[in-house]
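Trainee: My questions will all concern the structure given below.
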Amino acid sequence: MGEIEQRPTPGSRLGAPENSGISTLERGQKPPPTPSGKLVSIKIQMLDDTQEAFEVPQRAPGKVLLDAVCNHLNLVEGDYFGLEFPDHKKITVWLDLLKPIVKQIRRPKHVVVKFVVKFFPPDHTQLQEELTRYLFALQVKQDLAQGRLTCNDTSAALLISHIVQSEIGDFDEALDREHLAKNKYIPQQDALEDKIVEFHHNHIGQTPAESDFQLLEIARRLEMYGIRLHPAKDREGTKINLAVANTGILVFQGFTKINAFNWAKVRKLSFKRKRFLIKLRPDANSAYQDTLEFLMASRDFCKSFWKICVEHHAFFRLFEEPKPKPKPVLFSRGSSFRFSGRTQKQVLDYVKEGGHKKVQFERKHSKIHSIRSLASQPTELNSEVLEQSQQSTSLTFGEGAESPGGQSCRRGKEPKVSAGEPGSHPSPAPRRSPAGNKQADGAASAPTEEEEEVVKDRTQQSKPQPPQPSTGSLTGSPHLSELSVNSQGGVAPANVTLSPNLSPDTKQASPLISPLLNDQACPRTDDEDEGRRKRFPTDKAYFIAKEVSTTERTYLKDLEVITSWFQSTVSKEDAMPEALKSLIFPNFEPLHKFHTNFLKEIEQRLALWEGRSNAQIRDYQRIGDVMLKNIQGMKHLAAHLWKHSEALEALENGIKSSRRLENFCRDFELQKVCYLPLNTFLLRPLHRLMHYKQVLERLCKHHPPSHADFRDCRAALAEITEMVAQLHGTMIKMENFQKLHELKKDLIGIDNLVVPGREFIRLGSLSKLSGKGLQQRMFFLFNDVLLYTSRGLTASNQFKVHGQLPLYGMTIEESEDEWGVPHCLTLRGQRQSIIVAASSRSEMEKWVEDIQMAIDLAEKSSSPAPEFLASSPPDNKSPDEATAADQESEDDLSASRTSLERQAPHRGNTMVHVCWHRNTSVSMVDFSIAVENQLSGNLLRKFKNSNGWQKLWVVFTNFCLFFYKSHQDNHPLASLPLLGYSLTIPSESENIQKDYVFKLHFKSHVYYFRAESEYTFERWMEVIRSATSSASRPHVLSHKESLVY
C-alpha cells in the first residue's frame, strides 16, 4: 500500500507555527473527556473556501469539533466563530456545542460544515489578534460576493479596493485590472472597475494588516454588516425579515430596517410552534407589557432563530457563561437551550490578561508589493494601527451609543455619495503614506437607547466634487470618527462621515433614537492647553457681539440649505414648476449675499476688538454702528421677506397637488444637510429678525446712555423693532401653518388636517385606559378637535390616528379616585368618552388648561359641529370602516398591526417622536418661545466618568442641541433633544473644578458643558432652560398664544 499524502493544515497553510495548544477554555478549566468510540471524518469549509477534514469521535459534543478547528488555526479568539451546516430538512443551523455531533449531523460524509463568523462585535478594534481580523475580513469578502452585505456602489468599490490592496499590494493599473478580471468580489463588478482602481491608487503603502483594519472599519458601519435575515410575517401577513445583532432583535422589510428591539427592552423571548414571541418590558408609566408576535415558515425555523437570539444575548450581554439549570426529575415542558462558551467580556479579559502568545502568520496572498511591507514587520504595524486607533481624535458623544438605525444602503435606492463633500475636514489617519495623501474624512450619526441622542435618520445627497486623494485609512477608532453613513449605510471615500460604533454593553434603540456617546478617544483640552488659549476681551459687549457672529454663521448655513443644496438638487431633478422656483430662490439669494457680507463685517470688527492694544483709541470696541448700517440695509430687502410666507404656502400647495414634488421634498429632507423640516428653513429669515432685536435690547441694556455705542444701538433697535412689528402677524400665521404641515407628515389616517381656521395647541404622550390597561398614545390638540394615535411597526415611523373627539360639547373632569390611576382625566364628548392619564401632576394640569381653553374657543365659534378629519386616500376605507376606526381596536394596536407595503421613508426623529419617547408634551407656546431662543457657539463637553474636555461647535434650535466638529461643517454629526432633561450646575462632590460649567442629565445620562465666559454661560443656561423647563413650566397665556389661537 502506498503512503497517504499528508495534506497541509490550515495553520501551516497560513504560515503559523505548530499548534501550541491554545484553547478557548478559561485558565484553570479542563476540557471535557473526549468520548471514545468510532471516529467520524467531517469536512470543514474554511473562510478562504478551502476544505479540511477533521476526525472526531462520533459521540463527541460539537465543542470538540469547533476546538479542533480553532487549534488547527491557532486561533485564540475562536469564540466569535461557529460551525453551520444544513440539517436533514435543509435548514441552515448552527452546530450545538453541547449536543453530540452524531445527533446533529446525520450523514457526515455528505455534509460540508462551514466555519464562519457567528458573533459580530460592534467594533472591530475589540478583536485583538491580527489573525482574527483577517478571518473577519474574509467573512466580509464572502458576504459581499453572496449579496448579504448590501451597500451602494461607492461603498462596494471602496471595500473591494481594500481587499485588492490586501491581496496584491500597491497600485499597478495593469495588474489591478487583470486581478479584477480573474476575481469577482461582487455581482456587477465590471461597472465598478474604474472606481475600484481609482480608490486602490489611494492605498499605496498600506499593508495587508492595515487593509483588513480599514475594510472592517468601513464594513461595520454598513447596516447589513453581520446581518442574517430570517423570513417571517407579521400578524397581518406582511412579509418581513427578522435578524439578531449585538444590540438586540431587528426587523427588516427587504433590506430596510424598520424597527429594533434592544436587549434592555426585551423581557422574554419564546416561541410557540411557528410563532416567535417577544415580550417587552413595560414602560415606566404603563402597567401593560406589550408582546410582539411574528409568524415563521415552520417550527424548526422558529426554534432555530430563537436559539440564535438566546446565544447573541448571552454572548454580548452577560459577564460569564450562564450556569446550567437542574433538569426536572419527572416532567419537562417546552424546549430548553443554554448558551455554551465564553461571553465576549470573558474573551476580552482573557486576551488582555495575556493568556496567549501572539502568532505571526502568512496570508493566502503573500506576494504583495507594498512599500511599507518591506520596511515593517506585521506585528509592529498591527500594534501601531491599534495604538493610533485608540488615540484617534474622532468626535464621540455619549454613553450607550448604538449603531445607525436608518435604512440600509441597497443598490439602486441609496443616495450617491461623492468623494469630497464640501465643508468637511480631514482627521488624522492611523498611518500616512509617503506621498502624504490625506485620510478620508468623516462624521457621525447613529441611533441610542430610547432616551438617548436623536441623530438624523437620513441620507445625504452630496454635491459633486473631484475625488480627494486618500490613503483609504478611515479613522480606525472604536469611537465616532469623522466619517458618516448616517444610518443609511453608504460610505464615501473622502470627506464623508461614518456613524459611531457600539461598546460591548451597548443598547440599541428605536429607529428614532440614536447616539454618539462614548467617552474614549475624545480630543482633550488639558490645563496646559488652557493656559495657552487665546485671551478674549472681558467686556460683556464683546461677547454679545460675538453671539451675533456665531449665530450669523448658523443662519448663513441655514440659508445655504435653500440657496445651495435645495436649489442644486431641484435643478438636477427638475421636479419643481418654474413658477415655484421663481418664487423661492430669487427671494433667498439676495438675503444670502447680503448676510455673507454682514458676517464678514462683524468678524472683522471682532478681530480688531480682540487683537489690538489701541482698540479703544481707534474706536474698534463697538458693534452698534455695524448693526445699524446693516439693519438699514435689510429694510431694502423687506420685499423679499414678505414673499417668504407666499413661498411657503406655494410649496406646500405644490406638494399637495404633485406626488412627484412630494417625493422629491421628502427625499431631500432625508439628507443630512436638511437637519430640520424643509419648511422650517423657509421661515428662518423671519425668525432672524427677532434675534437681532433681542441682541440689540441686551446691548442697550448693557451700555449706559453716555457710552459711545449706545446711540447706534438704540437707533438700530428702533429700526429692527419696526420691521418685526410689520412682519409679526405674518410670522405667527406662518408658524401655525408650518406646524400643521409638519404634523401632517407624522400622521397617517387623516387627510384634511390643514384647513382654514384650524390652530395647533398641544401635542404629547398620554396613557389611555382600555380593556388591556393603560397604553401609551400620542395626543394632538387643535382648536376644534382632539386626536389620539399610536405608533406601530411601520416602515414610515408615522403615528396612526385611532380616534377623534370634537371639542364642541366636550367636558373634562379629574377621575383619579374613580379609576385608581394617578393623574387621571375623563374626557366626555358627544359621541365618545375616553379616560387618559398623564405622567405627572404638572403634565396633567397643562393638558387640562389647554383642553379647557380649546373647549371654550370651540363653544364660542360659529361651527358647533366641525367636520371630522377624513381618512387618507391610501387607506381606502369605506364610511363604515372609517366610523369603526374611531373606536380603537385592541387587535389593531398590537405589535405588528399595520401593513408595511406602501409606507414611504420618513424622518423618525421629529418632535412628535421625542415626546413619545420622553413621555412628555409641548405646546405651540413652547414652539414660539423656542423660535426666540436659538444660539450657536463653541462648547467644551465632558462625560461624567472622564477627565478630558472635547471642543464642539453646538447649535441650539428646535428644543435640541446639534453637534458639529466645527462651524464649517455642512451637517450635524449628532443631536440631543432636551425635552425631559434637567439643567443644573455641578455640585462640589462632582469634582469638576472649572468655571462656567453646566450639567445636563436625564435618567443615567449625564453631560457637562463648559462655556468660555460668564456671559456665554448665562446665555446657554437661558436658552437651554427654555427647552428643558418647557415640560414643567406653568402654562401662561402669552400675547403670542392669543394671536395663534
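The backbone N, Cα and C atoms fix where each Cβ goes, and this holds for glycine too.
Keep in mind it's a predicted model, so treat the numbers as computed, not measured.
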Trainee: Run through SER340, SER424, SER706, SER1030 and tell me the one Swiss-Prot describes as phosphoserine.
Mentor: SER340
Trainee: Look up THR24, THR471, THR475 in Swiss-Prot and give me whichever carries the note phosphothreonine.
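Mentor: My reading of Swiss-Prot gives THR24.
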Trainee: Could you let me know which of SER392, SER418, SER658 shows up in Swiss-Prot as phosphoserine?
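Mentor: Per Swiss-Prot, phosphoserine applies to SER418.
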Trainee: Can you check which of SER564, SER582, SER833, SER1026 Swiss-Prot annotates as phosphoserine?
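Mentor: SER833, according to Swiss-Prot.
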Trainee: If you check Swiss-Prot for phosphothreonine, which of THR150, THR569, THR794, THR883 comes up?
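Mentor: When Swiss-Prot is consulted, phosphothreonine appears for THR883.
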Trainee: Identify, in sequence order, the residues in the chain of SER833 (phosphoserine) that are 6 or more apart from it along the sequence and have a CB within less than 8 Å of its CB; answer 'none' if there are none.
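Mentor: Expected: THR826, LEU827.
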Trainee: For the domain 'PH 1' (759-856), what does DSSP give as the number of helix, strand and coil residues?
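Mentor: Output for the domain 'PH 1' (759-856) reads 20 helix, 50 strand, 28 coil.
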Trainee: Suppose you look only at the domain 'PH 1' (759-856); what would the mean pLDDT be?
Mentor: 88
